[in-house]
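See structure below.
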Amino acid sequence: MGATILSDLLTELLIPVAAVVGIAFALVQWVVVSKVKLSTEREANGAGHNKNGYSDYLIEEEEGINDHNVVVKCAEIQNAISEGATSFLFTEYQYVGVFMAVFAVLIFVFLGSVEGFSMKSRPCTYSKDKTCKPALANAIFSTVAFLLGAVTSVVSGFLGMKIATYANARTTLEARKGVGKAFITAFRSGAVMGFLLAANGLLVLYISINLFKLYYGDDWEGLFEAITGYGLGGSSMALFGRVGGGIYTKAADVGADLVGKVERNIPEDDPRNPAVIADNVGDNVGDIAGMGSDLFGSYAESSCAALVVASISSFGINHELTAMLYPLLISSMGIIVCLLTTLFATDFFEIKAVKEIEPALKKQLIISTVLMTGGIAIVSWIALPSSFTIFNFGVQKTVTKWELFFCVAIGLWAGLVIGFVTEYYTSNAYSPVQDVADSCRTGAATNVIFGLALGYKSVIIPIFAIAVGIFVSFSFAAMYGIAVAALGMLSTIATGLAIDAYGPISDNAGGIAEMAGMSHRIRERTDALDAAGNTTAAIGKGFAIGSAALVSLALFGAFVSRASISTVDVLTPKVFIGLLVGAMLPYWFSAMTMKSVGSAALKMVEEVRRQFNTIPGLMEGTAKPDYATCVKISTDASIKEMIPPGALVMLTPLIVGILFGVETLSGVLAGSLVSGVQVAISASNTGGAWDNAKKYIEAGASEHARTLGPKGSDAHKAAVIGDTIGDPLKDTSGPSLNILIKLMAVESLVFAPFFATHGGILFKLL
């Protein structure tokens with residue numbers, strides 16, 4: 001077997017150091033962004049320049065205008081967006097807090113009752129000759145881990161939103177000095193969120209493991225079983241963040257577009273549109289806070305799945321700490337690699353033209369993947385013994401360190417493939433989106449048909465990439481291989497999130513430029529930033545869905561092992577009925593979220609129409625719209641509507657496990673994974689393609705695009721309708737589905753001891 005090169009002491013030092021470096025780097029980026037002033041007072045020392053090219057006083061417009069009113073307006077709009085987002089998240093967290101408390105009690109009661117709340121030690125599940133800590137201890141620590149994961153997830157989302165609302169107006173002001181300056185401000189702000197989230201997730205998990213170890217001692221099986229609660233907490237908060245935020249942002253977006261653009265023929269983000277502030281708030285609560293919690297949940301779960309399987313393999317049995325913490329060392333290396341990658345965008349290369357924006361963001365993905373491959377090789381070399389055994393459904397499989405390296409690497413590269421395929425199908429630089437735009441000449445119906453076809457077709461290559469990843473990693477290292485492949489895909493999460501958060505920040509910057517009445521040239525620059533951001537957001541969603549598929553399969557494997565199921569036989573009726581019901585769940589869930597957006601948008605459209613019809617001087621720009629009412633409609637609708645889809649996901653595993661038992665539940669998990677991934681990819685890509693087809697016509701950058709435009713033409717109106725249909729697909733249903741498949745799997749794993757002991761009541765009665 002052989003020892004590892006890296007000592008246990010050094011491992012315990014390197015992980016927290018990497019996390020602290022990540023947090024420090026995020027703070028440095030934040031300080032640089034904060035040097036862009038949002039006030040109109042001149043500094044005492046005049047307009048000095050520092051070495052980063054940031055001037056202390058940024059009112060000098062390159063066109064020679066020095067307009068204080070613009071800065072005041074930008075600051076006011078930023079304030080309104082920030083306040084709207086903060087008040088929505090606080091309202092959401094109050095409801096989610098109640099759910100958290102109730103679910104924590106459920107975890108404690110269900111897991112404590114496995115052995116009748118006894119405090120006696122018990123034989124271990126996998127090594128019957130050893131004694132493990134009592135079931136009641138597992139119940140207490142799982143509950144604590146759940147609360148820790150939930151709080152970390154909420155904090156991740158909230159911090160991301162705060163950073164985005166801090167940076168949006170600063171990006172707008174920087175756009176007056178050129179597209180390069182605006183890009184760097186938006187990207188740095190995205191990096192703050194990416195690094196804070198990756199580092200916090202790693203640090204809290206590492207501290208939790210060490211604190212739990214004080215009680216568990218040598219019982220690593222019990223320790224890492226309790227840690228799975230961390231993943232459950234992270235993902236359950238992400239579900240409400242994604243669904244609630246998604247309903248909020250799309251209700252406002254659809255309402256603003258349908259009345260503003262289609263009926264009243266006014267530009268996007270026009271200050272006369274009553275829903276415009278709600279729309280910009282929505283970008284922050286849905287695309288930033290929701291997405292942050294979502295990717296944190298994926299990271300927490302893939303780490304937990306890997307740790308659970310490792311704890312019953314030779315790493316856990318022989319108490320090899322360095323090898324046991326291999327998943328955390330991969331994440332630590334990821335933070336360092338992403339730090340170097342970020343410097344390529346902010347310090348090594350400068351963007352001078354609009355056409356360089358999208359390549360710069362794509363280079364981030366390629367550079368981080370190439371560097372991370374080397375990073376994984378180093379970690380595998382120093383942190384793993386030359387060969388070891390991995391638990392594989394009851395038997396131990398011998399694996400070498402380089403086989404495990406391939407598992408992580410294939411996950412990492414599969415992520416890149418999914419990212420680039422997503423980009424091909426959603427960027428208006430390629431033929432699929434241009435074909436969708438072209439179909440708008442004959443109206444909205446053909447646009448919808450082409451868009452749906454594009455979404456279904458875009459599923460093919462990502463599914464093959466995931467399938468190859470699963471086959472190779474399982475062949476090398478069983479379920480542990482799949483868990484670390486998921487971790488490989490998420491190892492560059494800091495860069496992925498930076499690119500992802502960049503999109504909504506640029507979108508907001510464009511909105512602020514329009515509302516503050518800035519010149520057409522500034523709006524063109526922010527639109528260019530936003531178009532690139534749209535594509536990268538689609539790439540981010542591709543990553544999230546791909547990693548969710550791998551994570552939920554790894555969790556499924558851990559659940560099957562933990563529930564002592566020897567094989568999952570599809571031909572047994574118990575399992576097959578579960579498969580059918582599981583495959584139906586993503587459709588039920590999507591129906592709920594789509595209808596929620598539709599009914600909230602209906603209220604929004606009525607309110608916007610009412611204001612245009614009843615407020616004299618609103619269309620002429622002499623009267624101000626009532627933004628607050630629209631913000632309230634979105635808030636109330638999303639809080640009310642997020643509860644049923646959330647309940648569906650959280651209660652299904654409990655009801656199935658208790659009434660029908662672990663075999664039927666294993667069928668439900670497999671079914672929801674297989675159908676959920678397909679629906680999620682097609683929904684996200686269809687919506688992204690429709691959005692960029694509309695932007696392609698609006699930009700009029702090519703001869704073909706100019707024949708379809710300009711804004712307000714019939715083809716453009718058809719494109720706006722397609723975009724409006726795609727909004728709930730790409731920003732509500734699609735991204736929430738990846739949480740559905742992960743969350744049901746991790747919840748089943750946490751409750752597996754209870755289901756194995758007391759589950760299947762109905763079949764016991766028959």
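Just so you know, glycine gets a Cβ as well, placed from its N, Cα and C.
As recorded in TrEMBL:
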- 13-33: transmembrane segment (TRANSMEM)
- 95-119: transmembrane segment (TRANSMEM)
- 139-161: transmembrane segment (TRANSMEM)
- 182-209: transmembrane segment (TRANSMEM)
- 324-345: transmembrane segment (TRANSMEM)
- 365-384: transmembrane segment (TRANSMEM)
- 404-425: transmembrane segment (TRANSMEM)
- 459-487: transmembrane segment (TRANSMEM)
- 543-565: transmembrane segment (TRANSMEM)
- 571-589: transmembrane segment (TRANSMEM)
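By number of Cβ pairs under 8 Å, the transmembrane segment (543-565) is matched best by 459-487 from the list 95-119, 139-161, 459-487.
Beyond the transmembrane segment (404-425), the same-chain residues lying 6 or more positions past its ends with a Cβ under 8 Å from any Cβ of the stretch are 326, 330, 362, 365-366, 369, 372-373, 376-377, 380, 384, 432-433, 454-455, 457-458, 461-462, 465-466, 468-469, 472-473, 476-477, 480-482, 484-492, 535, 538-539, 541-543, 545-547, 550, 684-685, 688-689.
Note on the transmembrane segment (459-487): residues 298, 302-303, 305-306, 309-310, 313, 326-327, 330-331, 390-393, 397, 399, 403-404, 406-408, 410-411, 414, 417-418, 421-422, 542, 545-547, 549-551, 553-554, 557-558, 561, 677-678, 681-682, 685 of its chain, located 6 or more positions outside it, place their CB under 8 angstroms from a CB of the stretch. Non-local neighbours of the transmembrane segment (365-384) in the same chain are 4-6, 11, 322-323, 325-326, 329-330, 333-334, 336-338, 340-341, 344, 401-402, 404-405, 408-409, 412-413, 415-416, 419-420, 488, 491-492, 495-496, 499, 539; each lies 6+ residues outside the stretch with a CB under 8 Å from one of its CB atoms. Nonlocal intrachain contacts for the transmembrane segment (182-209), taken as residues 6+ away from its ends with a CB within less than 8 angstroms of a stretch CB, comprise 15-16, 18-23, 25-27, 29-30, 32-33, 36, 145, 148, 152, 155-156, 159-160, 163-164, 166-167, 170-172, 174-175, 223, 227, 230, 234, 288, 292, 295-296, 299-300, 303, 307, 325, 328, 331-332, 334-335, 338-339, 342, 345-346, 351, 357, 360, 493-502, 505-506, 509, 525-526, 529, 533.
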